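Everything on this sheet refers to the single structure shown next.
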């Protein structure tokens, strides 16, 4: 039996998962990651804490089932995207805390870029909109605001990377400075059409090219783990950003296949194949995980408040004691009783892009109970995801492709049967929950397995993917359209409020 080790470095925790060659979870270890908030709107992580925690979980996962490093055929890495690290090449020490993807300190730089008319250029090259979310302006902030850093960078003494690059550097003892296309595509510095760092964009942001890691396919050889770290050298064979890794772990290998990850927010990606497809509906174009030098793309949209609305019911309204109670409370009523909740607590993301929107609850009557509000809260997750998916389908049809035939789902909230059934009802297509829900880590393991010869092709991986449950739509298309029209009316009210 071949085993694969996936390092899954996320925003709130570092995890290591061992899979067997059938894609089953053999061992899992997790360590929480402290969050650092120096100022309002700023979010940081300690890169050394990330490294120490990730290494500790790898050791713990192996030890928990009596495996040794020589039992592992290959390692895959998946990571929180956009989070930015800058470190000294000689010492391997970071020059500053990592600036996390949620951090908004670079908004003024983004505003300047928009005012200077650079949005069309950046979108054409990167597939992204100008936003502080992405790594490029975070890196510029470090160069401009940390004493002595720009001079060191211009002397070639520093290295930049997203979290995957940082872990690869540490795992290989500083012998490999690399990233994969999916992570590179989230920096706002990478030309997704040419698969190269873009000299014009680097110059625009004043970033020395010497900082940048080598870009490889997602399934490739990234060096070997130093033997003294885990007891034996392990080849690093797969790397992908978390959402692209989840798309791969859901076996969405062909154009037109899509997955939605239901977490604190929701992340929806649809594979679009080898064609760069610019969205006309407020979505981002991003690189999908690549198993060869052939470029692969995906459309991506994010819902800012997904499962977080359940946390708000618990912590803000004190409507429930624990998040697990929400499904039973929502099921105690047949529907939301006309109540519609739009949880625009931090504005609305794709496809609306309305940062000024604020949350609303409409349709309240004397007969409204907390159960109706709980149901409306759950349904809001499905409405937002449906709006995203309908936008993706419009883009697909405009490009001559077929509309989406099914949606594969993962993430914590995908275990909620009521939510998944309502999602299928709104979309009018099957919603499929996989047997293995650790799809992000599984994607990294599969990428490593391909490059190390455990698997021969993505067709072989497709045969390993298994559904746990399929939710079929029960509403007529007319009724689903009525509900979506009511949702869109409620969304318009969030901007008027």
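Positions of Cβ are set from backbone N, Cα and C atoms, glycine also.
Note that the coordinates shown come from a computational prediction; the quantities given were computed from them, not determined experimentally.
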Further binder of ATP named by Swiss-Prot next to 11, 12, 13, 307, 311, 412, taken from the candidates 264, 272, 346: 264
Same-site residue for glycerol (record: Swiss-Prot; known: 81, 82, 242, 243; options: 3, 37, 133): 133
If you measure from the CA of residue 11 (ATP binding site) out to 10 Å, which binding-site residues from the list 81, 82, 243, 416 are inside that radius? 81
Just jot down the residues in the same chain as residue 133 (sn-glycerol 3-phosphate binding site), at least 6 apart in sequence, with C-beta under 8 A of its C-beta; none if empty. 82, 101
Going by Cα-Cα distance, pick out whichever of the binding-site residues 15, 81, 242, 243, 416 is nearest to residue 311 (ATP binding site). 416
Helix, strand or coil for residue 242 (sn-glycerol 3-phosphate binding site)? Use DSSP. helix
Report the member of 307, 412 (the binding-site residues) whose C-beta atom has the most other C-beta atoms within 10 angstroms. 307
Among the binding-site residues listed as 81, 242, 243, 264, 307, the Cα nearest the Cα of residue 15 (ADP binding site) belongs to 242
Rounded to the nearest angstrom, how far is the Cα of residue 81 (sn-glycerol 3-phosphate binding site) from the Cα of residue 12 (ATP binding site)? 13
